[in-house]
Each structure stands twice: as structure tokens, then as C-alpha cells.
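Some notes on the structure that comes next.
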Amino acid sequence: METVLFKSRYYAAYQSKKGRCFFVDIQDRRIKMSFCQLLAFRQKILAIDLDAHFDAELNRHGIEILTLCNREHLFVLDTLEVVDLKMFIQGIFTMSELHTLVTV
Amino acid sequence: MKDLVRQKLSINVDVMDMLNEQIAKEAHSSSIYLAMASWCDHNALNNSAKFFYDQAEEEREHMMKIFRFINDNGGTSYSPEVSNIPHDYNSLEEIFESALGQEINITKSIHNIVLKCRKVNDLATENFLQWFVKEQMEEEQTMRKALDLFELMGTDGIALKLIDERIPTIKG
């Protein structure tokens, strides 16, 4: 049984009730992540330089290569997907904070 | 619905990012003190050199304290990259002025994290950082005491040697 944590235009995140783990849907693939891997995923996304996507010299093709879970998965994302991914990862953790505030 | 993120992580995730930035600042600070120690060593200011070697170790201890705190509370600490370490100084006085500036910046940074903790109700991290608030006050006082010696004795003739002899006494 999985509960939706957050959904954006391209991605969705779930938490497993039994497995104490997370699932993230990216480009038609469902990736299972431990919390540690989710944090590493967040760190990678935050480190993406979005401005470079609008600079032809810094990022000529406007793509981002993202490896996940100790390079078990590899994704090639375009600019729109990267913008959405940055909002998506923030959304996951904001939902958790809101949940904490409501339950205090 | 149980909150799995909260179950795994005891501290606020944005505060965790700021703590990771603080780790990098402490590492940078440690390396700067090491460069200062090296300059003092080359200029036969042995007591000042020892003072800065000790400072470098202390900053690393601060870094490790934060590093372990993040990991112990379910977050992920990132080992920092250190670059842009200045090695050129004109005088011992300039070194201590620069060290005071360095400590003031670290103090500001710690205070910023405390303020963020208050904003997001991260009481655990705020409590953890209180030790750093006190420690930074003492660090600034130490650097000020060193600069007072320069004001009192000047740097002409034997004064620099006398200041170097008094450096071991400035640490509170």
C-alpha cells in the first residue's frame, strides 16, 4: 500500500506503509528509494544549475544527466523536466513540514 | 497518515542544508588558520604558530561536531571542498585582524541558523547551536585580546617578539 506524498506535472512521490521506503515515478519508471537515497536525490537536484540551461555556452543542449541510487538509474532530462523536478523535490519536503505543523 | 520523512529525520531539512554550509565554512576556517600557522612558523613566531595550529584543530572539531549531529539525526552530511586559502600576509597584526574578521563571519552564520531554527520551530538544532553561540563569543574575545596587544605595544623593535611571547596567554 502506497500513499501519495506529492505529485507534479512530470513526477510523483509515494511513501510505502509497510516497506518504510519511498517510490518516485520518473519518466515511466518507478524508483524505490530509502530515505538516505531520497536525501541524496534532493541534493543532486538542488545542485543542478538551472541558469546554465539558459546559457548556450554553459549548457549547449539544454539537458541534464541525472544518476540515482548509486548510479543504478540514469535519466536524461530537458529544461522543463528539470524546472518541474526542482519544484517537485521541494514539494515532498514541504508536505512533510506541513504535516508536522498540523499534528503538533 | 504516518510521516515517514519525519520518522527518519529529526531536524528541519532546510536547517540541514544550512548546517552543511556551516560545515564547509568551518573547514575553510580551519584551512585558513593552518595557512596562518605556516606563515608564523616561517617568520619565527613560534607561539603564534602554535596558537594557529591549535585554532585549526579547534575549527575542525567544530566541523566534526556539526557533521555528526546531522548524521546522528537522520540527515546526510557532505564532506566539504576547500579552496581559495590565502597564504600571503604582510604582518602578524594583519593575520589577527583577518582572524577576527573570520570569527565574526562564522558568528553571523551561526546566528543565522539559530534564527532559521526559531522560524521553523527546530528546537533540537537551536539547542545544539547554543554551544556554538557561546563558543563564538569566546573566539572573538580571544582575537580581540591579541589585537589589544598590538595597540598596547606596537610592532617596532622587540615588541613583535614580546607579543609573540604573550600569545599563549590570550586564550581564555
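Cβ coordinates come from backbone N, Cα and C, glycine included.
Cβ neighbours within 10 Å of B:E26 (Fe cation binding site), excluding its own Cβ and spanning all shown chains: 25. Under the DSSP three-state reduction, B:E26 (Fe cation binding site) is assigned to helix. Taken from TrEMBL, the feature Fe cation binding site applies to B:E26, B:E59, B:H62, B:E103, B:Q136.
Summarising the annotation, TrEMBL assigns domain 'Ferritin-like diiron' to B:9-154. Mean pLDDT, taken over the domain 'Ferritin-like diiron' (B:9-154), works out to 96 on the 0 to 100 scale.
Under 8 angstroms separates no C-beta among the binding-site residues B:E26, B:E59, B:H62, B:E103, B:Q136 from a C-beta of chain A. The residues near the Fe cation site, meaning same-chain residues not in B:E26, B:E59, B:H62, B:E103, B:Q136 whose C-beta sits within 8 angstroms of the mean position of the site's C-beta atoms, are B:K25, B:S29, B:E58, B:I106, B:F132, B:E135, B:E139, in sequence order. Taking Cβ-Cβ distances under 8 Å and a sequence separation of 6 or more, the neighbours of B:Q136 (Fe cation binding site) in its chain are B:E103, B:I106, B:T107, B:I110.
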